[in-house]
Amino acid sequence: MRIILLSQASISQEHPQHNHHSEAGSPSSEVQQQEWIAERLEGDSRSVKELPLNLSEKRRIRERQELRMRKMSGWNSWMDRQHRAVQRLWEQTTEAFQYTEMWRGSLHRIEGHFGSGVQSYFSFLRFLVLMNFVTFLLVGGFIVIPNMVFEELQLKINTTSPVTTGNQTCFDYNPKRQGLVQFYEYVMDLLSGTGYMELTYLFYGFYENTAVDLKTFSYNIPLAYLITILFYFLLSLVWTVIRSVNRFKQSLVNEDSSLNNYSNKVFVGWDFCISEEQSVRLKQNSLRYELKMDLEEEALKKRQAAQTKLQCTRVYTLRTIVHLLVLALLGAAFYTIYVATGYSQQLISQDSVVSSNFFLGLLVQYLPSIVITAAITILPIFFNIFSRLEKYSLTWEIKLTLIRCVFLRFASLVILLYSLWTQITCNGQKDESHCKTCGYNNIYPCWETRLGQEMYKLAIFDFLTVLVMILLVDFPRRMIVQHCSCKLIQLWGQQEFQVPSNVLDLIYGQTVCWIGTFFCPLLPLLNTIKYFIIFYLKKMTLLKNCCPAKRTFRASSSNFFFLLVLLFGLALSWVPILYSIFVITPSKACGPFQGQFFIWDTIPNAVEPLPQVTKEFLYFISSQAFLVPIFLLLCILISYLVALANSYGQLVKELKVYMQLEGRDKHFLVKQINRTE
């Protein structure tokens, strides 16, 4: 009996129109409906005339409000009016700020023409532009501007610099070109970050190890440099985690296909922001593709359940062979990157070999960037072909390809950095002849700037690749498809806008920026300008040349998967930074940390002049006696949260089962009603 009553209540909740028509003649039903509306709108800060109701309903709500106000005291009535006024002011302010959002109109236009899936790419791009700009303000305010001011006022203030003692070979660093400099050499310096570019605020080597001491003001540039970079990473982490949590909440609602998957696509899967006829057809094809995907997955599950052991063995053997082929391709790509990096660094060290030829010099400078870009462009084509041979479901086929592409991009950066580290540290052998004198390879007198140059060239080449693809591939393809009636050309078709691959390109570029910021402090500014231009380039090519991909990626609308990959890229960027701070000896010829054994020594040196109580407190919070209990408390808290999440997950599963039972009860009641009629 209780289940039947609950089912009737659920029917009335899910079909309010049916319930209203069936009880339209009952006055009690109408009164209850008006009371329900009044209760729902009781906390609305809008005035009664702004509510979307007819005159009779507005009159009843006003009478209800006046009756409630008469029952309240004067003080409570005044407080209620003030609360409503403040709430209305807050809503109006929030609505006004929405019109100041960057690219708000462009995002709405893209969403109207191509749907929310493509719009999510541009929303993600806007997020990266804002994050890079804010972090540039942080770096510029605490590193760049103080250095510029102190350099201008160095004759009027007292500055202290470290005493340069040791082998003169470690201090032999002069990036200026000698003799007559030709114009193409300036262009090469601009594109590769060498020559006069090394003597700008763009790179690490231009900043000095100075401390300004005045009567009322003191500023330690090395300390500010280190703390600002660490806070830069912390800000990026917090900002990305907050956005990831918000998208994760949406993904839990939008991507849960365990219950009524078919009904959700049929009844609530349409995107009402679409306005063009072509976009409508594409959205219909997208929904048809998702339904086809669900049906094929169900059919695949049935076939897998009916497979014999011999058939299963064949499938697993085929997948093993494909995995081995993928590993072979990845190994070949990584080895090529490693060799290209070493060869490029060897030729750059012999400057006279390539400086006489402009194009040869650029080729040598950009050789690692060219090889990495070629690898992340060509190998995904093979990944798509291999994934279709493995006989996975369509969902797993897309996910597996994306995972391989993500691994390829990040592992390419790891191989590049590993190749550079082996040359800078002499494979970790400090007793080797080139590393014995300075603690690092004396071929690189300012090795931090050399790393910054590699990240700078990766960022520049990434932007040039996007520009060349748009101008030399997308536009010509559209012109050929538009003006050529050949069946083969028409079968080739218009360029599709692939959301996953484009987002992964953005994540790759942002990871390069994170890695290079410590060695190239103005890289966030360059990344902001690059992504700002890419937004308009991608918007132009989307509206003029491209169409949405017919095979959509389900996570593209929520972007949680891509934010998770972005967090992984942020964690990857910490590794070379922390290794440089704690392990490698900083350059003795350049940079804010010259004259120190390790970069981290800046923190103890800054703590030493503080009062004794402050020093003891800082030493205590950095000691094991404080950190170990904090770590144990965090472990206990994480265990509690995991247990709580598991209990909530179990509760959600039980509620879903309960909803399925209620659905069956509704069908049963409908059948009983039809029989009685």
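Every residue, even glycine, has its Cβ placed from backbone N, Cα and C.
Taken from TrEMBL, the feature region 'Disordered' applies to 9-33.
Packing against the transmembrane segment (124-145) from elsewhere in the chain are residues 102-103, 107, 201, 207, 221, 224-225, 227-229, 231-232, 235-236, 239-240, 243, 503, 506, 510, 513, 517, 521-522, 524-525, 527-528, 531-532, 534-535, 538, 559, 562: each is 6 or more residues past its ends and has a CB under 8 Å from a CB in it. Residues annotated as transmembrane segment in TrEMBL: 124-145 (among others).
As annotated by TrEMBL, transmembrane segment applies to 223-242 (among others).
The feature transmembrane segment is assigned by TrEMBL to 316-338 (among others).
Positions annotated as transmembrane segment by TrEMBL: 358-386 (among others). Panel annotation: around the transmembrane segment (358-386), residues 184-185, 187-188, 191-192, 194, 322, 325-326, 329-330, 333, 336-337, 340-341, 343-344, 347-348, 401, 404-405, 408-409, 412-413, 416, 454, 457-458, 461-462, 465, 501, 508 of the same chain, lying at least six beyond its termini, place a Cβ under 8 Å from a Cβ of the stretch.
Here TrEMBL flags 398-421 (among others) as transmembrane segment.
Confidence in the domain 'TMC' (446-556), given as mean pLDDT, stands at 85. Look at TrEMBL and you will find 446-556 tagged as domain 'TMC'.
Under the heading transmembrane segment, TrEMBL lists 560-584 (among others).
Sequence annotations record features per position, and here TrEMBL assigns transmembrane segment to 617-643 (among others). For the transmembrane segment (617-643), the list of distant contacts is 607, 610: same-chain residues at least six beyond its ends, Cβ to Cβ under 8 Å.
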Outside the transmembrane segment (316-338), six or more residues from its ends: residues with CB under 8 Å to it: 368, 371-372, 375, 379, 382-383, 386, 389-391, 404, 407-408, 411-412, 415-416, 418-419
Residue distribution over DSSP helix, strand and coil in the domain 'TMC' (446-556): 87 helix, 6 strand, 18 coil
